[in-house]
Amino acid sequence: MDFNMKKLASDAGIFFTRAVQFTEEKFGQAEKTELDAHFENLLARADSTKNWTEKILRQTEVLLQPNPSARVEEFLYEKLDRKVPSRVTNGELLAQYMAEAASELGPTTPYGKTLLKVAEAEKQLGAAERDFIHTASVSFLTPLRNFLEGDWKTISKERRLLQNRRLDLDACKARLKKAKAAEAKATCEGDTVPDFQETRPRNYILSASASALWNDEVDKAEQELRVAQTEFDRQAEVTRLLLEGISSTHVNHLRCLHEFVKSQTTYYAQCYRHMLDLQKQLGRFPGTFVGTTEPASPPLSSTSPTTAAATMPVVPSVASLAPPGEASLCLEEVAPPASGTRKARVLYDYEAADSSELALLADELITVYSLPGMDPDWLIGERGNKKGKVPVTYLELLS
């Protein structure tokens, strides 16, 4: 019990000394040991990294889960170390409502059939969204959260310890400065030759004794300063190494950012493919809907379905495939170029919108080539004696 009381008293004394030193520094009444410019830059970069990581993390969570109540629920489950229950996505819920509506309104009617088709597509979109949320959480959110809850807490702890070591060092410097000033004053008083005719010659003896005491105090203060300087230097080196590790954190976050972009690209490509298939299926329902007479527009040019753009330009007319001045040229009259033909594998089934297009079946091989002035989103495809326009996004060029 006595040992604990002594330790408690010692800790209280250290805390009081640091508080006094900190207060005097704030009021400009005490000197403060300044860190070098490189160390200050490391501190500023670490703080900036922490602040922006927090903002990116929070906004990504909003992107993946816009419902604030759901985010709070997931946060509580994580803090309680319990598994987050599976949640139905908005697309899957919409698909469920559409399927129930079709069942009640009549699944054999044009409206009911369309509802079922759209419900199936919405269910696929919901499943793709679920996969995207999971992938983004694992590959992007988790590393950012680990940095904030792990590495940054360690850095913050060591920075607080460095601040305490600096306060101890500056307090020792101030104590040594005061002890030297008192020693110098006592020495000056002790150097005065006493007048032994005085009734109180003991003043000289007292001055000499005070000088010796202050000399001991200076030695003690110098010893404490050396210890405090050593501890401060050691802690500064530890903190510096941790701060320099922020560069490795940036590299890791860069890799995670690439993974996030990859998963997002895959997600949107899947959504685009599902909706494109749905649009084609709805177009096969005769007499279900009379809309614009313009044919469905093809996707932008791309050699991979995962990188297809979401915008859809207007389908060029047959005349636009021919060079200027030859608008009336028919595809049957166009001979393939002597060089420039390539083999291509069909990625998806494609139903020709008119006689100028070539219908495609998945995994079949065709010969393709381009003509001068032709829209880059389309190629001329040949299969045996058949020839017609084919969209680039439905092909994988082989050679």
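In case you wondered, yes, glycine gets a Cβ from its N, Cα and C as well.
Marked as domain 'BAR' by TrEMBL: 24-291.
The annotation coiled coil is assigned in TrEMBL to 211-238.
If you look up TrEMBL, you'll see 339-399 marked as domain 'SH3'. Secondary structure counts, DSSP: the domain 'SH3' (339-399) has 3 helix, 28 strand, 30 coil.
Here the coiled coil (211-238) has Cβ contacts under 8 Å with residues 33, 35, 39, 158, 161-162, 165-166, 168-169, 171-173, 175-176, 179-180, 182-183, 186-187, 189-190 of the same chain, all six or more residues outside its ends.
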